[in-house]
Every structure is written in C-alpha cells, then in structure tokens.
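Undergrad: Sharing a structure with you now.
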Amino acid sequence: MSNYAFFLAPRPNDLTPTHISWQPSVNAANHHTDRYANTELTVRRGQPFNITLYFNRPRQNGESLGFVTEIGPSPSESHRTRAAFNLSEAVGSGWSAAQGPSDSAAMNFTISSPANAVIGRYNLSLLVTSGNKIFSRYLGQFVLLFNPWCPGDDVYMSNENERQEYVLNENGIIFVGNARYIEARGWFYGQFQDLLNICLTMLDLSLYYRQDPAMDVARRGDPKYLGRVISSMINGNDNDNGVLLGKWQGSFHSHENPSRWDGSVVILKKWRQDNYRPVQYGQCWVFAGVMCTVLRCLGIPTRLVSNFNSAHDVDRNLSIDKYYDSSGRSLNISKDSTWDYHVWNESWFIRPDLGRSYSGWQVLDATPQEQSRGIFQCGPASVLAIKEGEVGLDYDTLFVYSEVNADCNRWIVYNDGTKKRVYCDTEIIGRSISTKAVGSNGRVDVTANYKYPEGSAEERRVYKKALAKILGTSVSEGRTDSPAGRPSETMRNPGIAGKFKLAEPPVFGKDINLILVLSNLSSDRKSVRVDMSASTILYTRRAVAEILKAATSVELGPKQGKHIRVKIPYTHYGKYLTTDKRIQVTALCEVLRTNGLKLLVEKTIILEDTNIIIKLPRRIVVNKAVSLEISYANPLPEPVSRCVLLVTLMNQQVKINLARLAPRERSKIYFEFTPRRVGPLQLQVDFSCDKFSHVKGFVTIAVAPA
C-alpha cells in the first residue's frame with residue numbers, strides 16, 4: 001500500500017491537502033486486514049481508522065473541515081451510499097470524524113463508519129468550508145469490509161478462535177466419500193491472495209446489480225442479501241459472467257476435470273483472465289470452496305459443510321423416489337436423486353427478518369441444483385429453522401430440509417408399468433454432516449444442528465410438521481402415495497433380511513470380493529431367487545456403465561442364514577471408473593411362491609487409492625530451505641505412463657513429469673522449497689497418469705519462526 005497520494009492546489013490561497021498518509025500498517029493491524037495483497041487501504045466497518053493530511057498552509061480561524069464518503073454509481077444519502085459529516089459531528093448515517101493531535105504541517109484524523117455500513121470501495125473527499133465558500137477535495141479510495149470483531153455488526157462472532165478459523169484461515173479441509181468412508185481433501189481458500197478486487201467486481205457483474213445498480217449497492221451492508229447474490233454468482237447457469245460451470249458426467253477433454261482443482265485462487269484468477277467467462281468445470285465441493293473464499297474475503301465468517309446421503313428432492317414432497325426394474329437394475333426415470341455427499345457453505349450472521357432465534361449459522365449453496373425465485377441460488381436458510389421444520393421461512397429452507405431429512409422410497413417397476421414400493425427408509429438421508437474443527441484438521445459432526453436424532457419422536461414430529469406445511473393439511477405417519485400422487489401398493493415384508501459385506505478392503509486395481517448375507521427371519525423354508533447387478537457410478541449415484549449381471553437361487557431353512565460370494569474383477573470395472581472411483585452393487589431377492597415378495601439390497605463401494613505419502617522434517621523454519629519426500633504408486637496390475645505430479649503450496653504450483661511405473665510399483669521424489677512466512681501452510685499433491693487421474697494427498701506444515 002502506498003503511504004501517500006499527492007494533490008495539486010487549484011488556487012494558492014485555498015486550504016488544500018497536498019498529500020495524504022493512509023497509515024496502512026497501523027490501520028491494517030488494527031482491522032485484521034494486514035494479510036490482504038491489495039495496495040489500497042482496507043478496513044472493517046464499525047471501527048475507526050486513522051489518516052494524516054498534509055496541507056499547503058496552516059488552517060486559519062473560520063475554516064472548518066469535514067468529509068464525504070461515497071460508494072456506487074449513484075451515491076445518495078437516502079440510500080445510505082453517501083454521507084457528509086463535519087469534524088466531531090455524529091450524523092444520522094453513523095459516519096463521524098475527529099481531529100487528533102496535530103501540528104501546523106499535518107493534521108491527524110480518526111474516521112468512524114457505522115457497523116451496518118454498505119461494504120465495498122468508497123471514494124473519500126475532504127470538505128473545506130471558509131465563510132460562504134465550500135471546496136471539495138478528492139482524497140482517494142478505501143475498501144470497507146464486514147467486521148466479525150465488532151459487536152454491532154450483523155456478522156459479529158464473539159469467539160476469537162472461531163474468528164481466526166472462519167475469517168482468517170486460508171487453509172481448509174473438505175470432507176468427501178460416503179457416510180461409511182469419509183475422506184479429507186485439502187483446499188486452499190487463499191482469500192488474501194490478491195482476490196479482493198475480483199470479489200468486488202463479482203458483485204458488479206451480478207443480475208441484481210444489472211437490474212438496479214443503485215439499490216443493489218445500497219443493500220450490500222446486509223450479509224443475507226450479499227450471501228444470496230454471491231451464491232448466484234459462483235455458478236454460471238443464469239449469468240454469462242458467473243465463476244464456474246458445473247458438469248457431472250461426460251468427457252472433460254479440453255477443459256478441467258473438477259477433481260483437478262485444489263483451491264480457489266487459480267479459479268478466480270482464471271475467471272478474471274478470461275474476461276469473467278465461467279471456468280469449466282466445477283462440482284459441489286468446488287462451488288463451495290470458491291464461495292467460502294469470496295465470503296471470507298469480504299469479512300463474513302464462513303465454513304464448508306458436507307452432508308452425506310444428501311437428497312435432491314426435485315418435486316419438493318420430502319420423498320426421494322428411486323426405481324428398479326424387476327431384475328434389480330437401477331432405472332434413471334426419477335428426477336429425484338441421493339448424492340453420496342454434497343458440500344455447501346454455512347455463514348454466520350443474525351436474521352432480524354426471521355427473529356433473533358434464527359440467527360447464527362445460515363446455509364448458502366452455490367451448486368446449481370434448482371432455481372430459487374427464477375435464479376440458480378440457494379439460501380441463506382437458518383440452520384435452526386431447518387432443524388425445527390420451519391420450511392416456509394426465507395430462504396430455501398424447504399430445499400435444504402429435504403437434503404438432510406427427506407424419506408427415501410424404493411420402487412419396483414414391472415413390465416406393465418405398475419409400481420410397488422419395496423420399502424421406505426426414514427433414516428438414511430442426512431448422515432454424518434461434517435465440518436472442519438476449529439484450529440485443527442479434525443472432523444466435527446454437526447448433524448445434531450440440523451435435525452433431532454433419527455428414529456426419535458421429535459424427528460418424526462418435525463417431519464410431519466414440515467410435510468403439513470407443504471400439503472396444507474395434517475399428515476398421517478405412513479404415506480403410500482405414488483410419486484404422482486396416486487395410491488400405490490406397498491410390498492409386504494418378505495420375511496428375509498440381507499446385506500452386502502466386503503470380504504476385504506476394496507482397493508483400486510484389485511478384484512473386489514463381496515459377500516451377500518441372506519437370513520431367513522421366519523420358521524418356514526424359503527426359496528429365494530437373487531438377481532444381482534453392479535455399475536460404476538458418480539458420487540451423485542448416477543450410473544455410468546453396468547459391469548456385472550448375474551442370477552442365482554438359494555434355499556433358506558427356518559431361521560437360516562447363507563452367504564453368497566460375489567467377485568468383480570479389475571478387468572471388468574477398470575476402464576469404466578470415473579475419478580469418483582465408485583461402484584454400486586444391487587441384489588433383488590425374490591421369495592418364490594409368495595406372489596412376488598422381494599427384498600432390495602444395495603451397497604456403494606468406494607475404491608481405496610494407493611496413498612500418496614508425504615514425509616516432513618521434524619522442524620521447518622521460516623526462510624530456510626526444506627526438502628520433503630513424496631512417494632506415489634501404481635496400484636494396477638499393468639504399467640502406467642505419462643505420469644505427472646502436481647505439487648501446490650499456497651498459490652504456487654510445480655508440475656513434475658515422471659518416469660513410467662511398472663505394475664504395483666511405488667516410487668518417490670524429493671521436493672525442496674523455502675517457506676516465507678510463519679504459521680500453517682498446506683501442501684497438496686496430485687498424481688495422474690494415462691490409466692487414472694487426480695490421486696490426492698495433502699499435509700499441513702507448521703512453519704516456525706527463525
């Protein structure tokens with residue numbers, strides 16, 4: 001930041017500022033903005049900042065001073081985008097200024113903004129009044145941000161450790177996988193890496209700004225409004241200037257596979273470099289990571305949250321319907337879906353529009369799933385409102401409630417088009433809702449913030465309350481409506497139970513061995529026909545390719561259990577896997593001579609990658625070169641070539657071309673770098689080759705002072 005800006009006096013006799021000191025070091029330290037890379041003064045609202053003005057001559061009796069702040073294309077006092085205030089005068093806008101200790105050559109001033117001021121880039125001018133003459137002198141620009149340290153700010157957060165985590169931490173953890181196999185993935189938010197101008201430009205490119213620029217800027221002091229605008233801008237579905245386009249299937253050739261990204265900085269800078277055309281491509285964790293960067297950059301405390309078994313309830317009836325044919329193959333005929341995981345954001349601010357009880361964490365989601373009021377945007381939805389089933393409250397509370405608490409119905413579709421509901425699972429949706437711990441890379445389960453315990457009377461009470469608000473009537477406990485609202489037969493209990501068990505951990509590159517365990521729950525003998533199928537799938541559970549189809553029969557004596565072994569060779573699944581590395585196995589078990597009673601058994605398998613191993617020295621010191629050992633492997637029974645290792649530290653990435661690897665071979669390299677600052681640094685490693693891509697590893701490095 002430049003210490004001085006110079007001005008030319010228009011007339012020698014006028015009191016005129018010749019230059020200004022923004023006191024950048026002191027102001028930035030006081031306002032927790034010292035890590036921003038931009039060169040202009042950046043401060044937080046509701047907190048005073050200091051400037052020093054140098055004049056062409058001493059101030060004389062009868063001369064008074066004041067200031068004007070202006071923001072936006074049409075600043076006005078009625079919109080609170082313009083304020084004029086004299087020294088030691090508190091005006092209705094909440095802006096004020098006071099003169100501190102000064103001398104004949106320089107005057108020190110303290111300027112205070114209101115805690116609810118519009119955020120963004122301001123013009124600051126000096127007003128000089130001498131008799132009946134008023135002169136205005138432009139001083140320069142400064143940026144005003146939200147202030148989680150100010151008790152009067154809507155985003156105020158009282159705990160300093162939480163402020164450090166949710167506002168100032170540039171390193172993140174995203175939890176992916178599924179409810180039974182949760183993995184941690186590193187993400188570099190980089191909110192201080194010369195992104196502030198990009199984030200402010202983003203606001204001026206929104207549909208809200210285009211519709212009414214003056215009103216849009218006037219509302220930027222409201223975090224719930226700003227969060228909603230940003231959720232619409234991170235995706236490019238409505239707006240040619242959105243940051244990211246989403247893509248969940250098909251080829252990513254000539255563009256970036258979403259699994260390629262390790263942080264937000266390169267995405268946002270590429271967006272600017274490409275003249276604000278959407279970057280291709282993103283998926284849910286990428287949208288959430290980028291939105292967290294923007295919100296933290298603007299001063300709103302924000303974190304990422306992963307919801308496992310996340311429902312996408314298109315028809316908004318709190319029911320997720322999935323269909324299978326009579327041999328157990330999944331049918332893609334429902335618009336509803338259940339994702340293995342879905343990642344969104346929570347931001348912290350009060351909700352005076354709903355009542356203070358709904359303040360605190362608010363869900364914001366930039367992934368373009370459904371339109372809200374004509375735009376692909378979601379939230380803010382109060383987490384407490386979601387837990388209490390208040391699905392009519394703003395914004396999009398019904399949609400998020402469904403994501404964490406819809407019921408899940410499974411249907412068999414017969415050749416004549418009739419449907420039978422196999423079962424309704426009231427507990428499967430919304431499992432292990434997770435976020436990063438404050439001050440560590442640990443996982444914190446926040447499921448209890450979103451809903452009462454599954455199976456409890458409170459959870460069912462809230463569910464029926466939410467459903468009644470949708471239907472406008474009271475709701476019985478069990479519904480047997482078909483998705484179209486027509487009565488449909490629910491299949492009777494078949495009297496058998498089943499589940500898939502893995503005989504050994506499923507490792508990418510090896511054969512998969514499962515056991516289907518069937519149990520007869522009755523005292524009668526049962527003959528069971530089993531139709532099994534397996535498909536590679538995406539993390540959204542959409543099928544990619546069928547890799548197994550088999551049928552068998554088994555006799556079960558009274559109370560007897562039997563094991564059916566299933567093998568899926570690598571040669572069957574290898575070339576059909578996506579970077580999600582997921583396989584879904586289904587068994588449709590028909591009890592013969594019972595008029596078609598059936599049991600549906602499903603399991604989603606995530607194949608484990610061979611780990612990237614990063615070995616660190618015991619102590620790493622700032623400004624001293626350090627060497628890391630990074631080992632990587634080929635887990636396949638065949639050689640791989642075109643091997644590439646991407647090593648990313650903060651925003652710096654190094655591409656290393658490697659030799660081909662023999663079957664099952666592990667190799668290693670040494671990577672040297674010099675850390676330039678004290679504190680935690682996240683190092684990320686990405687390994688790709690001709691047979692697979694984007695195997696990830698990361699480590700958080702603690703850099704000690706010299």
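Quick reminder: no glycine exception, Cβ is built from N, Cα and C everywhere.
Okay, these came from TrEMBL:
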type	residues	note
ACT_SITE	C284	active site
ACT_SITE	H342	active site
ACT_SITE	D365	active site
BINDING	N405, D407, E454, E459	Ca(2+) binding site
DOMAIN	276-368	domain 'Transglutaminase-like'
Undergrad: Look at the binding-site residues D407, E454, E459 and tell me which residue has the greatest number of other C-beta atoms within 10 angstroms of its C-beta.
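TA: Result of the Cβ crowding comparison: D407.
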Undergrad: For C284 (active site) and H342 (active site), determine the Cα separation and express it in whole Å.
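TA: Roughly 6 Å, rounded to the nearest whole number.
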Undergrad: Identify all same-chain residues not among N405, D407, E454, E459 whose C-beta atom falls within 8 angstroms of the centroid of the Ca(2+) site's C-beta atoms; report them in sequence order.
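TA: Apart from N405, D407, E454, E459, the close residues are A406, T426, E427, I429, G430, K451, R460, Y463.
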Undergrad: If one measures from the C-alpha of D365 (active site) to the C-alpha of E454 (Ca(2+) binding site), what distance in angstrom results, rounded to a whole number?
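TA: Given the Cα positions, D365 (active site) is 24 Å from E454 (Ca(2+) binding site).
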Undergrad: Distance check, please: Cα of E454 (Ca(2+) binding site) against Cα of H342 (active site), rounded to an integer number of angstrom.
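TA: Rounded to a whole number, the Cα-Cα distance is 19 Å.
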Undergrad: Give me the long-range Cβ neighbours of N405 (Ca(2+) binding site): same chain, 6+ apart, Cβ under 8 Å, in sequence order.
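TA: Once residues fewer than 6 apart are set aside, N405 (Ca(2+) binding site) is near L318, I429, G430, Y450, K451, E459, V462, Y463, A466.
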Undergrad: I'd like the per-state residue tally for the domain 'Transglutaminase-like' (276-368) from DSSP, helix first, then strand, then coil.
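TA: Helix (H, G, I), strand (E, B), coil: 17 helix, 42 strand, 34 coil.
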Undergrad: Once the chains shown are all counted, how many other Cβ atoms turn up within 10 Å of the Cβ of D365 (active site)?
TA: 31
Undergrad: How many Å separate the Cα atoms of H342 (active site) and D407 (Ca(2+) binding site)?
TA: 17
